[in-house]
Amino acid sequence: MMYLLATLLSLATVSGFYLSWKQQASRALWLSIGLLVVSCIGWSYAAGWEYGLVYALCIPSMLVWLFIWQQRKSLGVNKAIPHSPAAKVSAKLAASHMGRLLVVLIIQALISLLLTLVFCYLLPLEDVNRMALGIVLLPLVWALLSYQLLQSRFYWRSLSIQMVVGLLSAGGLAVQGGLI
Amino acid sequence: MSNKTNLAKQALSAHSWMGVFLGALLFWVCLSGTLVVFHQEMERWEQPAVLEMADTNAETVQKAFDNFTAKHKEDTEHFFVVFPTSGIPRLVVENDHVAYFADQQGNLLEKEQSPLTKMLVNWHLYLHLPMSWGMILVSALGAIICALVISGIIAHKRILKDAFRLRTGSTGQQYQIDLHNRFGVWAAPFHLIIGITGTYFGLAGVMIVIVAQLFYNGDRQAVMDTVFTPEPELHQTIEPVNVGKAFEQALTMEPNGKPIFMTVHEPGTEGQFIEIYTEIPGRMLYSENFRFDAAGNFISTGGYKKGAWGKQLVYSLYRLHFGQFAGMAGKVLYFVLGIMLTLLCTSGMKIWFNKRAADDALPRIWTALVWSTFIGVTAVSTYSLLAHTAPVVILWGVIAVAILLGWKVSVISLKHWQIATAVSLAVLLLVYAITHQHGLFNLASLQLNLPIVAFIAYCLYRIKRPQ
């Protein structure tokens, strides 16, 4: 019974979002956000808060397709996409992309790891909690750093700043660990 | 150009770069992850005729264990007993080298063989690369998924205006963009869950090395012990292990729990002990662990259920990442969302190819790569049914040949790949019917064979539809 109620709450949440979108009404949008919170509580009652939170956040992403599909529009008959001549790929361009890839996967991994750890070890927590927090924050910090670097028009300046941040974090960790 | 437009443009450029450059790897990791949500069902599918049972008892466990240890006296660091409440309704006894099923009386049955499942799980965990490097690369892709979510949301200027739009027809480009954006935005919480938890598996090791060097005098085990409860240090006279007594007590200690498996650590030594892993309903924790000495006397729990929040969180990441909670409901949820994540990769690539509109081989190579992955998996599956081994070279060989064909033979179209996929799946079903006549209509085989039939039907539908 609680599962059914929680599902209906998720459906009501998505319906609310749909109505707010259809009528461009901000009040309906806030109401739907409120319903999302209520559905989290409903799911938590039904399945415990750990499963409940996952259900409440993930099930709307499937229910939403009822509305998207119903709302779909055709732009007319199929047309072929006009093609232009093949793009040329130079060795220099390929090397530059590979370089960026290595920076994102290796250098930024290290910078984000150091930055995350120095932050977590500043907090008054038990070691196990610091590690757990670090595990959650690491991919987010890494994601933000790589986004910042790749969207920047000043690639080398951004990379230099990030590397300085990484070095400062390493220094901070060395101080925290009593190595300096 | 306004600042907002500029920001969106730059975000889109970062988003495209990450998605395109790592598109193939992301596709393989997402697809394999989606498939291995059902790794337990795959194991059952590989040996459908094995006796299944809902639960077991202490006497059966002890007898199966004794039969196994009498038969296999080779050196091992562990014995394992996997219980029917583990998610696979079968009783399995094993050491580090070999595994056997057992019946309700504890008699040993046939050998456990799941080469295909192991191959698929390794594909997801390591991309079949050397283990440490593969795991670090796959974990890095977790962070890339997070970066794609963030850049994708910032790049989406009309995130609210387009929230429910799906426009079909015309060149098909708008359909791909809408599909990509709707999947990306609405399922963003799931993508972040997968990205964050996925990063943990490979990068936690690197984090432990740094923390150990800085704060624990290089002692990695000491860092591990802060998160995972250290093993008890025992000095007992060496005697036969009483697994039945331990199992009986574990059932009463967590009456609502479901015992997953039991490990006998360091058997035949003074320090041998029994550890029983029990799933706690309603909790994301992998398990609470109950430890016993060799005589089956209780020592302690692992302390995960009521431990520090950090300990509970780390021990919950496995189930959260693989959807191994709430039984079949959790798996179906993760499977559907996993398909969406995989489609996000393919639709993103299609958008990029269409925008680029260059008349070269890249779109053909991509199509070949995507569809040959299905054909490769099917080919390995068929081979494993016949030879009881699942060589990765078949998977990668099929993909490599397909990429070569996509590159060099321009007449091969999407339709041809779909036909090849449907045919290869039909051959798989035929070989399955021949090799597993006795278990053909079991739940263990039907629960995968029916989705395979559905996928063949989908391929046929796509083939018949004008493209």
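Each residue, glycine too, has its Cβ placed from N, Cα and C.
Because TrEMBL annotations are produced automatically, they should be read as predictions rather than curated entries.
Computed from a predicted structure; not experimentally measured.
Database features, via TrEMBL:
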TRANSMEM  B:12-38  transmembrane segment
TRANSMEM  B:133-155  transmembrane segment
TRANSMEM  B:192-216  transmembrane segment
TRANSMEM  B:332-353  transmembrane segment
TRANSMEM  B:365-386  transmembrane segment
TRANSMEM  B:392-410  transmembrane segment
TRANSMEM  B:417-434  transmembrane segment
TRANSMEM  B:440-461  transmembrane segment
Non-local residues, at least 6 beyond the ends, that sit with Cβ under 8 Å of the transmembrane segment (B:392-410): 119, 122-123, 128, 361, 364-369, 371-373, 375-377, 379-380, 383, 417
Contact call for the transmembrane segment (B:365-386) against the transmembrane segment (B:192-216), three or more Cβ pairs under 8 Å: no
Distal contacts, the transmembrane segment (B:12-38) - CB-CB under 8 A, six or more residues away: 117, 120-121, 123-124, 127, 137-138, 141, 144-145, 147-148, 151-152, 155, 194, 322-323, 331, 334-335, 338-339, 341-342, 344-346, 348-349, 352, 366, 369-370, 373, 377, 448
